[in-house]
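Okay, so here's the structure we're looking at.
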Amino acid sequence: MSSHGDPVPMTARPSGPLSGVAEVPGDKSVSHRALILGALAVGETRITGLLEGQDVLDTARAMRAFGAQVEREGEGLWSVRGVGVGGFSEPSDVIDCGNSGTGVRLIMGAMATTPITATFTGDASLRSRPMGRVTEPLALFGARAVGRAGGRLPMTVVGAPAPVPVRYAVPVPSAQVKSAVLLAGLNAPGQTVVIEREATRDHTERMLAGFGAEIVTEDGPEGRVITLTGQPELKPQTIAVPRDPSSAAFPVAAALIVEDSEVLVPGIGLNPTRAGFFTTLQEMGADLSFENARDEGGEPVADLRVRFSTLRGIEVPPERAPTMIDEYPILSAVAAFAEGTTVMRGVGELRVKESDRIDAMARGLEACGVRVEEDEETLIVHGLGPGGVPGGATVESRLDHRIAMSFLVLGLAARAPVTVDDASPIATSFPVFEELMRGLGARLERGGA
Ligand code: S3P
């Protein structure tokens, strides 16, 4: 929800070894999609392991506003009775997507080819983010959108009365844009084609196939070409949401930088379009082992064991960025404890996330005594080695869950405590972060140092 309560300062103190099992919550990307596709299917979709973070709860509420029956039956256990492709009804009030770019962009896509009108808003962070990247392709289907200057929320989308299929090359590497176009293509007759130069997370494609849509992905000279046949009848599914690798990244990072730690993170999703962070850590010398590799609900999953490691700085290949886009904040915190320099290029998309993540990390790291360099598309962190980060600062989280969690993890291994001015955004993606990290031995406390 867009109302933001009082800030919740939180402090991380230097901690002893972390140990135990970190059961991180369900994947945020998969959870949004399970609710949205469930709402577009005919019949009852059952979901286990749904992330009950605020972002996903806001999407659940939105699906109800469009006419689906969405019920929580137990912890992570949800039922969605869908209205069928093209069956959304017009919401009687503004749709508030809170902090969630994925929520608002995917829902705009899902309603854009139905002849209804909806107005969207969100919190101060979401209202500052660009929506033109989604409304431009939606206009090709025949939808119209009117928002604030620069394509910002609040924004009203008028769904196309007679949608036509489109062929669209996504100009920025964005799974949200790709997914919005595919969801819009569901209610257009004929074939909608999306082309992406670099492969981004493919949960929408996998899940659409699972729901019975005709969708084909081919790799060609232009990149990935995804062809969806419109107006399918989506068949309800039983979906087991894997644990979120982007949430797992935080306890994994903490175990790597707090001396003598060993942590097991069971059942995390390791879809190759999401796993770039772990590859990068291994290149830095991290001791990671993947156990019990298996497939759950169409997504590869494994248990990850991580031990404290002496890390070295590396240059992260820019083409890997789409597979670890949400992990650069925590990578730059980890890089502060590596020996040598970590260079992250081609990461300009970080500037339009929940906050400008290059700026947020650079300012916070500097406050903690770490030297950084940045330009529009680059972040460079000069590592100080294990135990070398001074800390002892208060850092702004800027309504950004991943910035808050990155600095709280950093504070566990710094020489002096690190305070985050507002940890409340963590509830958008990882509501049990504090409890889970404390369970491993992390010294996290409410309030300032
Ligand atoms: C997401 C896509 C990514 C990512 C976001 C979740 C998704 O955004 O940063 O947290 O679920 O599709 P972009 O598509 O804008 O890169």
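Yeah, the Cβs are placed from backbone N, Cα and C, and that goes for glycine too.
Those TrEMBL annotations? Automatic predictions, nothing curated.
When D6, D58, D326, D375 are compared with the 3-phosphoshikimate site residues K28, S29, R33, S174, Q176, K353 in TrEMBL, the one appearing in that site is D326.
According to TrEMBL, the feature region 'Disordered' maps to residues 1-24, out of the candidate ranges 1-24, 73-96, 289-312.
Sequence-distant contacts of K28 (3-phosphoshikimate binding site), defined by Cβ-Cβ distance under 8 angstroms and a gap of at least six in the same chain, are L51, G53, D55, V56, T102, D244, S246, S247, S429. Most Cβ neighbours within 10 Å among the binding-site residues S29, S174, Q176: this distinction goes to S29. The CA atom of S29 (3-phosphoshikimate binding site) is located 11 Å away from the CA atom of G101 (phosphoenolpyruvate binding site). Here the C-alpha separation of S174 (3-phosphoshikimate binding site) and G101 (phosphoenolpyruvate binding site) works out to 11 Å.
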